[in-house]
Ligand SMILES: Nc1nc2c(ncn2[C@@H]2O[C@H](COP(=O)(O)OP(=O)(O)OP(=O)(O)O)[C@@H](O)[C@H]2O)c(=O)[nH]1
Ligand SMILES: [Zn+2]
């Protein structure tokens, strides 16, 4: 049954989610604002409330990435007078940001879901590093969100240094929009705020100390910070859950989780792009964000292979690895289907390469 939920638009609800939601007509929809062990803090048009996962849901979903994370949308049952909502399902994620658990290819942890854009933050003072920037951009794009590059602490470097860094970013063909700012002088803060679209969801990733917290504090005013803390008394105990999905005064949504902060360190061991840095860097220059390099127009990777700037075998092994990586991130049903489709695609991509 198709229902519209205009009341949820301000929280990030979209037609795509509407199409992919498979909630029971008796269930309502809410977004996950924080996860606190076995409890969830949810928000809907009426405000925030707590919820727990239905036993049947836990029984069916044992992998960590199948459990709700901040930014997820869930189907729930909520009876008047109940302290807790009961979550019966997680609505398919449009995008996500995840990291692999060490030593396990299938098990990976989703840090945040349904992000529209991810701002990859580097400080132009000491922290600036193109290779690491590429790695972050690839991780963001792998999860389906649009990347932005944000250089902070512009007050600490000469304008020449900043100009040189911008030239380097453009020089390797990165297509993500670049913003610069100083949390100290607040120069560039207005530009960033203008970039944030109401109803869209953002997060900031980057190494520790680049100024993410300072920036988010600038974006949120004190009032929002206070209301962001939700206290609730239930079952004789008092809990305070720090809300990680924040709605700014301008209407944009920002996800700020501790997991996001660690993302930089833990994400660094990520596999594919370290060996295929040139390819993934080139991929950022492809016309389509979701380019598979399988023959789309404006494909920067194919162009480089054709120009012999990248060895064909190298490209083929990249495709192979990419296939495995994508495969690992899918559900079992998706896998059975994609296994066949992607097999055909790889075959035709290879044949295509040989035929040239
Ligand atoms: N000069 C200058 N200092 C800044 C700027 N932004 C942040 N800082 C300082 O840099 C230090 C680290 O800033 P944070 O906001 O805590 O950095 P973070 O990225 O949130 O770090 P984690 O919370 O560890 O991930 C603090 O002492 C800030 O005051 C800036 O634009 N210019
Ligand atoms: Zn391409």
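Here the Cβ of each residue, glycine as well, is placed from N, Cα and C on the backbone.
TrEMBL lists 152, 153, 154, 155, 206, 207, 208, 209, 210, 211, 212, 213, 214 with the feature GTP binding site. The feature Zn(2+) binding site is assigned by TrEMBL to 286, 291, 293, 299. Taken from TrEMBL, the feature domain 'CP-type G' covers 103-263. Among the features that TrEMBL reports, domain 'EngC GTPase' is placed at 113-261.
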Distance from residue 286 (Zn(2+) binding site) back to residue 210 (GTP binding site), taken between C-alpha atoms, in Å: 29
Neighbour count (Cβ, 10 Å) for residue 210 (GTP binding site): 26
Cβ under 6 Å from ligand 1: qualifying binding-site residues of 212, 286, 291, 293, 299: 212
Assigned element (helix, strand, coil) containing residue 152 (GTP binding site), judged by DSSP: strand
Nearest of the binding-site residues (286, 291, 293, 299) to residue 152 (GTP binding site), judged by Cα-Cα distance: 286
Residues within 8 Å of the 286, 291, 293, 299 Cβ centre (excluding the Zn(2+) site residues themselves): 283, 287, 288, 292, 294, 296, 298, 300, 301, 302
Of 206, 210, 212, 286, 291, binding-site residues neighbouring ligand 2, Cβ under 6 A: 286, 291
C-beta crowding around residue 154 (GTP binding site), within 10 angstroms: 22
Stretch-averaged pLDDT - the domain 'CP-type G' (103-263): 83
Where residue 214 (GTP binding site) falls in three-state DSSP terms: helix
Span of 152, 153, 154, 155, 206, 207, 208, 209, 210, 211, 212, 213, 214 around GTP - largest C-alpha separation, Å: 19
Residue from 154, 206, 208, 212, 214 whose C-alpha is spatially nearest that of residue 299 (Zn(2+) binding site), among the binding-site residues: 206
Residue pair residue 214 (GTP binding site), residue 286 (Zn(2+) binding site) - Cα distance, angstrom, rounded: 33
